[in-house]
Amino acid sequence: MMLHSVSWLGLLAATLFYFIIPSYATDFMQYVSLSLTAAKEFDYVIIGGGQAGLVVASRLSEDPSLQVAVIEAGPSGLEKENAPKIDVPAANLYNSPGQSPMNWNWTTTPQDGLHGKSKPWPRGRVLGGSSAINGLYYIRQSEREQNLWAKIAGDANDLWGWENMLRALKKSENFTAPTDEARQTGEIHWNNTAHGNKGPIGVSWPAVSYPPVGAFVESAGAVSAPATNNPDSGAAWGTFVATSAINPSNWTRTTSRTGYIDPFTYRPNLQVLTDHMVSKINFDTSNKDAVKATSVNFMKKKGGKVFQVNATREVILSAGAVNDPQILQISGIGDKGLLDSKKVPVVVDLPGVGFHLQDHLSAGVEYKPKNASELPPAKLTNDARVDSFVNSATSYTNTSTLLGNLTNQVLDAARKNASKAVQAYNAPDAVKKGYNLTYTTTANDVYGTPIGAMELLFAMTFGQIQVQAALQHPFSRGSITIKSDDIFDAPIINPSYLEQDTDIALLRAGFRMARAILQQKPLSDHVSDEVHPGNNVQSDDQWDNWIRDSVGTEYHPSCTCSMLPREMGGVVDKNLLVYGTSNLRVIDAAVPPLSVSAHLMSVTYGIAEIGAEIVHSHKDDYKPGQGGDGKSDGDNQGQSNKASAGAAGGAGSSKSGNGAKGGSGSSSSGGSKTKSNGAIGTRPVTWIGVLGTGVALSLALMI
């Protein structure tokens with residue numbers, strides 16, 4: 001069991017290491033043990049090496065004065081059996097990482113709204129998290145949604161309004177225009193000014209496209225929402241061919257690991273440990289109003305030896321929308337009634353932990369193609385350009401277009417039913433207050449506006465053509481709660497799908513629109529018979545029965561550690577600080593207070609970039625070796641945008657930054673691939689990332 005470290009002393013020394021000493025490893029116990037000394041502690045311990053956690057780790061370690069550790073439950077993804085599943089975009093379909101240990105393979109509770117069925121809930125369990133196993137879609141949220149988020153979070157526009165979020169999104173992005181072939185075939189349009197070109201994450205389109213894609217854009221433009229060439233500047237609605245997280249220099253997937261970590265494995269102040277589960281966060285509770293996270297326990301396997309690592313500044317929870325609340329609850333932060341029932345000592349009574357769960361719900365209307373040769377191969381081809389194609393076009397339509405003459409009827413019913421619906425939930429009173437706030441916001445400020453209520457997603461997979469309908473702003477609210485105080489017991493995932501009648505009314509309209517798009521020229525020229533649900537499904541009752549049988553997650557769960565006022569079931573404040581603590585933050589897709597009409601990968605990169613800036617701006621709040629100083633959030637709020645040199649403005653190195661709203665965040669990607677031995681850095685057998693800054697960056701694969 002090793003935690004590896006790399007240091008370099010110029011090109012000569014690095015070259016000698018590379019050629020003469022092929023294997024170097026430091027005993028793991030020297031760095032992380034049950035009895036750490038001050039010299040062996042880390043400033044920041046990040047729980048979760050997923051999409052957001054690696055962004056935060058990379059940005060903080062740009063500051064060479066800070067020591068950063070990451071603990072990830074899954075593998076590195078560099079293993080020979082895992083790397084091809086991640087790197088090749090089409091492997092998402094035909095050699096799926098979802099069918100591997102890189103997936104948590106969660107399952108929901110039986111859902112009353114889905115005829116009592118349990119549903120699979122895949123989430124990434126690997127460095128890079130779900131950015132390593134998802135469908136690559138890079139689709140942003142709208143300006144209206146982002147500003148609503150900032151508003152209900154409590155006067156947070158400076159940090160979480162659209163202007164700052166767009167800056168963060170562009171900071172993470174390295175945008176490349178499409179190939180001429182893809183542009184012409186797929187009817188691709190874009191606006192360069194909406195994108196960044198110096199960030200670590202490659203954003204572009206697949207190398208190739210197919211005639212039905214352009215046909216969908218035209219048909220959906222007539223039925224759902226007009227085509228747009230600018231969905232990334234804040235008006236995230238309309239019909240367009242979506243970008244993907246892809247590296248056009250070699251047509252491989254880009255993830256937070258390939259973009260934010262692989263190019264920087266030489267940093268001696270960054271340690272990444274894989275294949276270990278965090279089992280608990282430990283606290284100094286001497287200040288009951290602001291407990292201090294002091295250390296983290298973790299284990300290799302159930303019943304195995306418990307290790308501990310200390311944090312002198314902060315513990316950062318970036319384990320995802322499922323694991324974040326599980327770890328908080330097991331550590332004693334959550335609803336007192338729940339914790340008492342599981343015999344977990346209460347550290348902070350925080351009822352909102354795990355509640356407010358919202359998820360996009362979807363299924364597909366599927367047709368046979370008229371000409372199978374117009375579709376991508378239903379297999380891997382070993383042609384990088386062909387295998388770069390996974391997904392393509394989408395259309396976000398608003399409630400007025402979706403519901404037509406029924407718009408007022410459906411929305412009025414939702415508003416009238418809101419209070420009754422909220423009271424019916426088995427949730428703490430504070431959470432119900434938050435439900436009232438988010439229900440009202442959704443009914444009045446989301447629906448009835450241009451914001452996309454439904455996503456109509458075009459797909460050509462496994463030899464079929466389909467349009468998926470995905471509900472973006474559900475009224476149903478779910479929860480994540482612990483089954484026991486053992487981290488190895490899967491949490492109870494109850495998304496409460498279709499508990500609210502408005503949700504099924506919206507989905508019914510969405511699937512009817514999906515069918516209408518497929519029957520609209522020119523897309524209708526490319527399809528023949530309807531396969532699912534079939535022409536026998538026509539009436540409201542028939543649609544509703546099929547919907548309850550067929551829908552499942554679109555893989556976008558969020559809001560389980562919501563950024564809301566504490567009295568409304570909030571878990572974090574606008575600085576991402578967990579209420580009742582002085583130095584524990586949550587940074588990932590668990591923190592939005594509202595679901596957004598987007599694919600969460602892009603949103604999560606924005607959250608992580610802003611989160612890293614916030615953390616770095618507070619680094620001087622802590623005395624060396626003493627962790628949190630017990631300040632309340634009110635003591636710190638005024639400093640939230642005053643980032644220090646290094647990580648905050650970040651240009652992808654340890655050079656000084658430009659403040660919390662500075663820097664473009666440049667980086668290079670690539671990184672050699674090697675067998676994982678539990679960590680990123682120096683590895684036995686194969687050495688990576690040791691050639692020093694100049695050589696490493698010049699040889700790295702740019703994205």
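Cβ from N, Cα, C; glycine included.
No curator has checked TrEMBL annotations; they are predicted automatically.
Computed from a predicted structure; not experimentally measured.
Per TrEMBL, the features are:
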DOMAIN    42-361  domain 'Glucose-methanol-choline oxidoreductase N-terminal'
BINDING   V126, V278  FAD binding site
DOMAIN    474-608  domain 'Glucose-methanol-choline oxidoreductase C-terminal'
ACT_SITE  H556  active site, proton donor
COMPBIAS  666-679  compositional bias 'Low complexity'
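This view paints the features noted in TrEMBL onto the structure.
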residue	record	contacts (Cβ under 8 Å, 6+ apart)
V126	FAD binding site	E72, G74, P75, S76, G77, N82, I86, P97, M102, A132, I133
V278	FAD binding site	I47, G48, I71, A73, V296, N297, F298, A319, I327, I487
H556	active site, proton donor	D359, H360, A589, S595, H599, L600
Residue distribution over DSSP helix, strand and coil in the domain 'Glucose-methanol-choline oxidoreductase C-terminal' (474-608): 45 helix, 24 strand, 66 coil
Averaged pLDDT score, the domain 'Glucose-methanol-choline oxidoreductase C-terminal' (474-608): 98
Secondary-structure category, per DSSP, in which V126 (FAD binding site) falls: coil
